[in-house]
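Please see the structure below; I have some questions.
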Amino acid sequence: MAFNLTHQLGSLAGTPIKSGEMTAPTVESSLSVSPPSARMPISMNMNYNTNRNVSPPMSPVLGARRADLSVACKAFAVEEEQRTYKEGGIGGEKERGGGGGVPVFVMMPLDSVTMGNTVNRRKAMRASLQALKSAGVEGIMIDVWWGLVEREAPGAYNWGGYNELLEMAKKVGLKVQAVMSFHQCGGNVGDSVTIPLPQWVVEEVDKDPDLAYTDQWGRRNHEYISLGADTLPVLKGRTPVQCYSDFMRAFRDNFKHLLGDTIVEIQVGMGPAGELRYPSYPEQDGTWRFPGIGAFQCYDKYSLSSLKAAAEAYGKPEWGGTGPTDAGHYNNWPEDTQFFKKEDGGWNTEYGEFFLTWYSQMLLDHGERILSSAKSIFQDTGVKISVKVAGIHWHYGTRSHAPELTAGYYNTRFRDGYLPIAQMLARHNAIFNFTCIEMRDHEQPQDALCAPEKLVNQVALATLAAEVPLAGENALPRYDDYAHEQILKASALSFDQNQEGENREMCAFTYLRMNPELFKADNWGKFVGFVKKMGEGRDSDRCREEVEREAEHFVHVTQPLVQEAAVALTH
């Protein structure tokens, strides 16, 4: 399976993309990079409507054990530095036109709120948030787990831990992206804890297994309720979409005093890992391994009922009984299958077009339903709505793009599958949040024809055409300058300089993730420099050395806070 990557990627789906314009000079890399994390916009440069006032001075409590109160003194110094930084940098007072900088958010640990609805490692969390604020970070991203908040009974919401955590963020002066996490935590890349769906939901699925996504071999996936049941009252009298809507409404009512000020964005979970996709590549129990093509997830009775109706309407009722039976297994490669192979593959036939259109449209309709509800719930609150789309970059250089097809993205060598998603988000004024921003093509296994950079290019062009803001995340934890440089380049969206909209930048970037590794001295220094450069913006006239000197100063000033956070997180 050894192919020439450049040759294979000569033709991209949809609007032609100039090859190599985002590719950096090749360097030696020993990093092992695998698929996107599971947990792992209408102005093109979205202003988060942040309050520009200086945050209260950082609490001297962090330095209470030091007789000279050096931590407290330095905390005040940090605030003064931060005020100057914010006025001229990310989210600052200056007008944010093109090249005005990209605000950086940091993803919180998955278990920031415990199963007992309290803040996990409270002391560590407080110190960590203060350290992030001191580094110039705009805000944090927090998973608000359905399985925690509405765990006990339908309509019984316990916001305990989130009330405290969000107040912590407000006190420190950090903005918040709140993720409505309607999926199970556990079983995907980066999942360090297990948080199931609410117990009463699990009971309903146990009684009716077809509420779970199902593959052609009958394997059930319990990460997220099958979209085939979206509009059916299968959850104790409510439809899944009604449950999601009621949850979001309860969140709005409970945190209305923070919306638009502290809480600036609501990311609406749409599927496994919170992403708008089918659970086509589940790692749990070793079902799937990178870079397998995955498997279609439409064999529950509710989805098959929809397929049957679609086939009859199309005039081919014989196509409605099942999905493709020649699409291989989770860990096959495209050429191992009849359906996905490049020559005479089923994907490129009338039947393939019918099935893939139906399968991808089901996903788009799912997004439409939930976004319509979210838009009405959060209108006039001052928050932005966003949706995460997975960066499925493996086998991107093939004709069929098999892993994208099984996930529900009808993207092939001959068809742009991301433009319809971008257009759907644009109808609801939502942000297109995309992963794998830190990856470079040459870091990936070449025989799997991975092309994350070219995939990001295609998605960026789709959002440009649909006039929808684009935000980004890194798919895997990376602390090295090489990854940071790739994020800086990708977030500037400078690959289409000759096209209208050349001054566009990503509206925000969320860094995965806050943990003890981030606070190690070397990693922290690089991270502070990265945040500073992101804030400068593409068109900054300040020289790189000046920015790096300022970053070094911030590292020095924040050292006591970072040490406190690192120690607290490891205990």
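From the backbone N, Cα and C atoms, a Cβ is placed for every residue, glycine too.
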For which of the residue intervals 12-38, 309-335, 525-551 does TrEMBL record region 'Disordered'?
12-38
Could you round the CA separation between D143 (substrate binding site) and E275 (active site, proton donor) to a whole angstrom and send it over?
13
In the structure shown, which of the binding-site residues H393, R513 has the fewest Cβ neighbours within 10 Å?
R513
Could you say which of the recorded positions D143, E275, E473 has its Cβ with the most other Cβ atoms inside 10 Å?
E275
Starting from the Cβ of N474 (substrate binding site), draw a 10 Å sphere and report how many other Cβ atoms land inside it.
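Result for N474 (substrate binding site): 26 other Cβ atoms within 10 Å.
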